Amino acid sequence: MTEPITNEQKIREFKPRSDVAFYTIFISISAFYVFLIVAMLTAETTYTTPDHIWNAFAKPEIRYAIWLSLISCAITTVLSLWVSVPIGYLMSRHEFPGKTLIDAILDIPIVLPPLVIGLCLLILFQVKVPQVEWLNELVAEESRVKEVVVTEPNQIKDRQPVIDEQPFVAKKPDYEEQPIDNRQSVDDLIRKVTKVIFGKSIGVTYEIPSVILAQFMVACAFAVRTMRVTFDQIGPRYEQVALTLGCSRGQAFWLVVFPQAYRGLLAAGTLAWARSLGEFGPILVFSGATRMKTEVLPTTVFLELTVGNIEGAVAASLIMVVAALIVLVIARMFGLTRGAAI
């Protein structure tokens, strides 16, 4: 009497005999790429010595680049999350005319070359806009006040009474020495507004704000993708139940949906931070690579290579490698365990 054939035996009988070749090819291709990444990182790590890295960190330029990179990446991450959460929610939960077009527009910063993004930002802030007369008057008045020189009381007695012969004429600010054009750039307008509000002219182009804006334009696109996938994977049933129980749309979002999206929020934040840390192209075009002003770690690598300081370039790049590994591990541990894809 023959023994009955089990399911495992049936599967083994119909199992294709080419599985070994199939997995050999796939594993070989995967191993080659992983080996290439590991070899690249190992070569960079072993290229220099700890003394060279320490000497590179002793330079004030590199320390300033590290500080500016950390601060700008933190600000960019906050701005990216602030923008990506409402966009991701609207794109996930609602259907409206032009949604496909808007979805494509949101992906433009991802597919465009970084240099093109920097060039577009540079042109944007050079667009001419009409003059604002009352703003020009406020800036001129503030400039005149700063030009007034207060004379000490003991110096007034020593002065000759020639005030009537040589009346005091306030020095005109630089922008009044030239005829005011009917149009001005967006960057000039921002400088005037900041001078009236803060008492100091703060521009965007080739200044620290341009670094943050260049990082934001790229990092926010990745954060939007992550948050949309996160909200797609949160079932709308819980939100609908909250609405039927009397919650408003805002209450249902903050009390029901948002707490479930914290893993995706963490993944989007870490991804935006890491992407901001590695931005080079748009910063180089829009912000420049000025030492101790708009220099971040990627531009430090570029500047050190241009002067032949390989050790300094390697030290700056190792910081970015370590930071990227840390944030990616955090994203995988907390962001992807519940399906929030990057």
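A Cβ is built for glycine as well, from the same backbone N, Cα and C atoms used for every other residue.
Automatic prediction, not curation, is the source of TrEMBL annotations.
According to TrEMBL, the transmembrane segment annotation covers 20-42 (among others). Listed by sequence, the residues of this chain that lie at least six past the ends of the transmembrane segment (20-42) yet keep a Cβ under 8 A from its Cβ atoms are 321.
Tertiary neighbourhood of the transmembrane segment (62-83): same-chain residues 56, 208, 211-212, 215-216, 219-220, 223-224, 265, 268-269, 272-273, 276-277, 292, 294-297, 299-300, 312, 315-316, 319, selected by CB-CB distance under 8 Å and a gap of 6+ residues from either end. Taken from TrEMBL, the feature transmembrane segment covers 62-83 (among others).
Per TrEMBL, domain 'ABC transmembrane type-1' is recorded for 66-331.
Sequence annotations record features per position, and here TrEMBL assigns transmembrane segment to 104-125 (among others). Residues 87, 91, 185-187, 190, 204-205, 210, 213-214, 217-218, 220-222, 224-225, 279-286 of the same chain lie 6 or more positions beyond the ends of the transmembrane segment (104-125) yet place their CB under 8 Å from a CB of it.
Same-chain residues lying 6 or more positions outside the transmembrane segment (208-231) and placing a CB less than 8 Å from one of its CB atoms are 68, 72-73, 75-77, 79-81, 83-85, 87-89, 91-93, 106-110, 114, 117-118, 121, 202, 257, 261, 263-265, 267-269, 271-273, 275-276, 279, 282-283, 286-287, 293-294, 296, 335, 340-342. Taken from TrEMBL, the feature transmembrane segment covers 208-231 (among others).
Marked as transmembrane segment by TrEMBL: 252-274 (among others).
Positions annotated as transmembrane segment by TrEMBL: 313-334 (among others). Long-range neighbours of the transmembrane segment (313-334) within the same chain, counting only residues 6 or more positions beyond its ends whose Cβ lies under 8 Å from a Cβ of the stretch, are 41, 44-45, 47-48, 52-53, 56-57, 62, 65-66, 263, 266-267, 270-271, 273-274, 277-278, 297-298, 300-301, 304-305, 342.
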